[in-house]
Amino acid sequence: MDQAVNSDPVNAADSGRQRWRNWIGFWLLGLCNNFAYVVMLSAAHDILQKQESHNTTTPTPAPNGTNTEISKSSRYDCSPVSTAAVLLADILPTLLIKFTAPFYIHRVPYGFRVLVCFFTAVVSFLMVSFSSTILMSIFGVVFASISSGLGELSFLSLSVFFSRDVLSGWGSGTGAAGVAGALLYSAFTQAGLTPQVTLWIMLVVPVILAVSYFFLLVFPSSFPQWRRHEDGHSASRVINSQERRPLIEEEADTDEDTETTQEEQEDKHIRPLSFTDKIYIMKGLLKFIIPLGVVYFAEYFINQGLLELLYFPDSHLSHAEQYRWYQTLYQIGVFASRTSLVCFKIRKIFLMSLLQCLNAVLLAFAVYYQFLPNPWVVFIIVLYEGLLGGAAYVNTFFFIREEVRETHSSNSFI
């Protein structure tokens, strides 16, 4: 269905402008929705380092100029609390929302969902920037995760009210969020701004999200902005049915009967899915979801469990700078591979999960045996890791959509 579920009759020029506005709107929504999530992962080392400096006293230097506390604790320069703690706070709330929301989210109006996304994103930046304890910082990251998880499933289901090309805008925006979030955070801190000031500057991002949704998107007149989705959906079908009727009634009863039959079939086709239907669909998608889950498990194990330990003291980059650029290059790889769908498609997701696991094993050995000569080798591996992760995501999404569309059409997003 190339046309939107609901569309008002407008002339071609207005329709073209609306399509561009909606495409740009979804691009900005994708960018802003994932931005806080990416920034929190990029800032993980700085968040923990800040709390460590607040909560500990400066150790007494040994006669040879080294820290006695560090020298007797570990051969690795890492935080007492792993950056994986930030990962868990950034992932688990989103995961919980995505697992449970399909069974209740349709009862929450879209306008209210977006306001929740806006306020939780603002709270996340403020809590992390003003935090004085690790627990407060973790709660700030949790708010960023809630904003990102709720926003992603809401905006994907919102796309069925617009032409299909808004999905490409959304996908491009989410990919750009990875590069923009990691690159801007690294650039601002590298330029001398403190992580706290950097997070204050990024408060503009939730504002852009709200403006893009409420003022940039051109909604159909029957869109259920502040009503429950199922109420708005039934109303929209009545209006849509009327819009499909010819302007001049003709005596061709056969054509009218055919049109009515098509509408009845379409009504049956887009009926709301029952709980049993959703469980059945989920079982059929496990062949895509499990390999994607393995890919993300391996790369999050790398990004938040291993990269902090891959520190090269002889480099001109500090430990924090090395970690930030690891995250930035990973996001660049993700963005590049998410745009690869127009060039080629990879159905064998399990192959990418295998390659990602090999990356994890290689870097785990590198951490333990410390055989890599400099951070530039890690930069290349992390870029490759991002390429695998982004390709797995975009191809999984594509083939899930293709498979579901054969029997369930766009209701799989609702």
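Glycine residues also receive a Cβ, built from the backbone N, Cα and C atoms like all the rest.
Note that TrEMBL annotation is computational and uncurated.
Remember, predicted model here, so these are calculated numbers, not experimental data.
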- Message: I'm validating the feature mapping. Which of 83-102, 323-342 is tagged transmembrane segment in TrEMBL?
- Response: 323-342
- Query: Does the transmembrane segment (323-342) reach the transmembrane segment (200-219) with at least 3 CB pairs under 8 A, where each pair is 6 or more residues apart?
  - Reply: no
- Cβ under 8 Å to the transmembrane segment (134-155), counting only same-chain residues 6 or more beyond its ends: which ones? 26, 29-30, 33-34, 36-37, 39-40, 47-48, 50-51, 55, 81, 85-86, 89-98, 101-102, 105, 110, 113-114, 116-118, 120-121, 123-128, 170, 174, 206, 209
- Is the number of Cβ-Cβ pairs under 8 Å between the transmembrane segment (167-188) and the transmembrane segment (24-44) three or more, considering only pairs separated by 6 or more positions? yes
- Task: Considering only the recorded stretches 24-44, 200-219, 284-303, 349-371, state which has the highest number of Cβ pairs under 8 Å to the transmembrane segment (377-400).
- Result: 284-303
